[in-house]
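Per TrEMBL, the features are:
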type	residues	note
TRANSMEM	B:15-34	transmembrane segment
TRANSMEM	B:41-64	transmembrane segment
TRANSMEM	B:70-88	transmembrane segment
TRANSMEM	B:100-122	transmembrane segment
TRANSMEM	B:168-190	transmembrane segment
Amino acid sequence: MNPIINEIPVSYILGLAGILFSIGVLGVLIRRNIVIIFMSVELILNSVNLVFVTFSKALSHISGETVVFFVMAIAAAEAAVGLALVIAIFRHKKSTNVDELQSMRW
Amino acid sequence: MDEIIYMNIESSPSFLLFIFFGTVTVITALSVIFQKNPVVSAVSLVFTFFALAGIYGIMGALFIATMQVLVYAGAIMVLVVFVLMLLSQRAETLSRYREYPIRLVILSVFIFGFFFLLYSALTTGVPHSEQTGKGYELSQYSFPIQGTAAVNAKGNVATVGASTYLDYLLPFEMISILLLVAVLGAVILAKKRNTEVEQTKDTIL
């Protein structure tokens, strides 16, 4: 395993990915607006992508970058379905605050 | 290891670009979760995605950097901002910037410099003719097709494409089915029910 990618130490990039993941988890925990929770999930997925690319370069194996492509496709599908759900919920509850969504029945 | 890191800090433009883009990533990601206005959060998230594209460019993953800009900063953020515009009931707060022209100028200079550095980061990964290309050197890919010679792909995009269609063909097809199902599900979920059409005909939602 190559510990330095283009003169950047691997540990620095992994640290950045860890910070980004922590920020995403914090956003999911502290925010109540459901669209911002979706944005935090996108941050988490992006930190995972960063780890995939880093190890793909460090191990000189291309599979990591291919998997990133799949992660992006799944994130797009998740955003489409999730935001459609947000619109459907907003039409019934007139709110995007997750604290007010306490029942599964409409 | 420590000596190499000190040497990098003094001399390497790649390392300085990484420090810059890492800082921008962390600051804008914090801005995403701590801003009160969701539209400001969305704009911060766009800059997070651009900074991550810059980091991918420095590391030589040019295809991923391009896809990051196209898919995340383009498509997904358009979707998110569109839904925010549909749902938002807050007062408009962006026009305050007209009262602070100096802040507007500083912001414009920062954004211009940011995109210039993004361009630098992307071209760092592009090989020049006289030196070993950083996007190319780790990207040789060969896959033995049954009974024939190996396929050699040079370059980042060709290598990722060869890996996708040779090693990961079944997951690729499953992803396409997943996207089809997701689009159908989104249409069905966001569709109005028949009983609601008469009541809400002249409103947006």
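Along the chain as shown, residues are numbered 1 onward.
Positions of Cβ are set from backbone N, Cα and C atoms, glycine also.
Automated prediction, rather than curation, is the source of TrEMBL annotations.
Since the structure is predicted, the reported quantities are computational estimates derived from the model, not experimental observations.
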Other parts of the chain folded back onto the transmembrane segment (B:70-88), taken as Cβ under 8 Å at six or more residues beyond its ends
38-39, 42, 45-46, 49-50, 53, 204-205
Do any residues of this chain, six or more beyond the ends of the transmembrane segment (B:168-190), have a C-beta under 8 angstroms from a C-beta of it, and if so which?
none
